[in-house]
Amino acid sequence: MTLSFITRWRDELPETYTALSPTPLNNARLIWHNTELANTLSIPSSLFKNAAGVWGGETLLPGMSPLAQVYSGHQFVVWAGQLGDGRGILLGEQLLADGTTMDWHLKGAGLTPYSRMGDGRAVLRSTIRESLASEAMHYLGIPTTRALSIVTSDSPVYRETVEPGAMLMRVAPSHLRFGHFEHFYYRREPEKVRQLADFAIRHYWSHLEDDEDKYRLWFNDVVARTASLIAQWQTVGFAHGVMNTDNMSLLGLTLDYGPFGFLDDYEPGFICNHSDHQGRYSFDNQPAVALWNLQRLAQTLSPFVAVDALNEALDSYQQVLLTHYGQRMRQKLGFMTEQKEDNALLNELFSLMARERSDYTRTFRMLSLTEQHSAASPLREEFIDRAAFDDWFARYRGRLQQDEVSDSERQQLMQSVNPALVLRNWLAQRAIEAAEKGDMMELHRLHEALRNPFSDRDDDYVSRPPDWGKRLEVSCSS
């Protein structure tokens, strides 16, 4: 089957990119590709037989027209000015059979005009982390970019140490970022901001294109998508680590996996980025940061969208987020209805977990085994203050009984939203260290496991992390 690529970005937004081709790596080797995703995109298996080929930037497929995008952004609250694709190149937009499109974006593709002080390369460590994280999030049901392939090489890349250069093929419906809009707003080119908005509406919100109120309705939906995404992050214990405005997806996708982390111990102020000294992007601050970022996006639209309309959309953010968060947390607790004491029960559980540094994922998974008429629970053994747990658990079981739902039905619901497996940093690190020694078995094994996060397991993928695994520090270097 012939793949079809179109050039909407190149044709319709001529001042938002620089056209250039990838710079291949030395002795590139394909070490992993996403068979399931490739099948979804109708990519023939024969394409993966050329280990470097398009995956390593050596060739282009017919219809591809590679370019590096320019955008700007706020980083840690500070205006950073022009940024852009410093090591990534958009190879093309694949046109799928249903009329939708998928960007093919090659990360680690070499120097671009937006590389600033960088070398345009990515290392094997970071490409493995992003491939694992994006696929883990996808199978958790959270909107995200996807990973299609990883190529390693003999090209040395200099970070804190010398590491092997690598490339990741990332795919997504769009790479539109808040930072694209900021770039032209701060250059005082509001007509180009409007062109970006029109492009987004035309291709991703086409049902609004002929509506005279299209900009207000569109921004309302951007706010809603962002609120929903952040709510989902919070419920699975995901910390992004670098929520700069240039890393915010207009479509509400999880974008740019750098120093991310999933909660091990329940620590509301968890900071996964060792460069975040003030805790700007801590786990519990993510909802507020996302709203701040939306306010920056709204500012760029103010030349052609009424300020009252923008503020009305921003004012809806908190309620949308709380609605999505509340619905998912009630499911995680096994509540079939909404009752006034639900928030108090959840907050008391969080307080108990924080005091005891309980494992976030394991606590909710074990809670899924609760029988409403039995005081026995394997979760009890996880707590030191058994009296405090017993008091909370008795009230929790009383709340379950109000719903008049069988244990089996409730347990099935809870186990479908409380994963047994999340991508803990130590699991990723183990796969990385093996891969850097030439052993790709753990990378493939972990990828396969992450496809079924809600299935029970009896291996170390679902155990508490070792002490060294909790102390892993992750930086933005990639």
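Each residue, glycine too, has its Cβ placed from N, Cα and C.
The Cβ of D246 (active site, proton acceptor) lies under 8 Å from the Cβ of Y71, S72, G73, H74, Q75, A80, L83, R177, F178, G179, E182, each on the same chain and at least six residues away in sequence. If you look up Swiss-Prot, you'll see D246 marked as active site, proton acceptor.
DSSP gives D119 (ATP binding site) a coil state; it is part of no helix or strand. Of all Cβ atoms in the protein chains displayed, 15 besides its own lie within 10 Å of the Cβ of D119 (ATP binding site). What Swiss-Prot lists as ATP binding site is G84, G86, R87, K107, D119, G120, R170, R177, D256, and the listing cites sequence analysis.
Taken from Swiss-Prot, the feature Mg(2+) binding site covers N247, D256, and the record attributes it to sequence analysis. Sequence-distant neighbours of N247 (Mg(2+) binding site) (same chain, 6+ apart, CB under 8 A from its CB) are G73, R177, G179, H240, L255, D256.
The Cβ of G84 (ATP binding site) lies under 8 Å from the Cβ of A68, Q69, V70, Y71, S72, T112, P113, Y114, each on the same chain and at least six residues away in sequence. When the neighbouring Cβ atoms lying within 10 Å are counted for each of the binding-site residues (R87, R170), the highest count belongs to R170. Around the Cβ of D256 (ATP binding site), 25 further Cβ atoms fall within 10 Å across all displayed protein chains.
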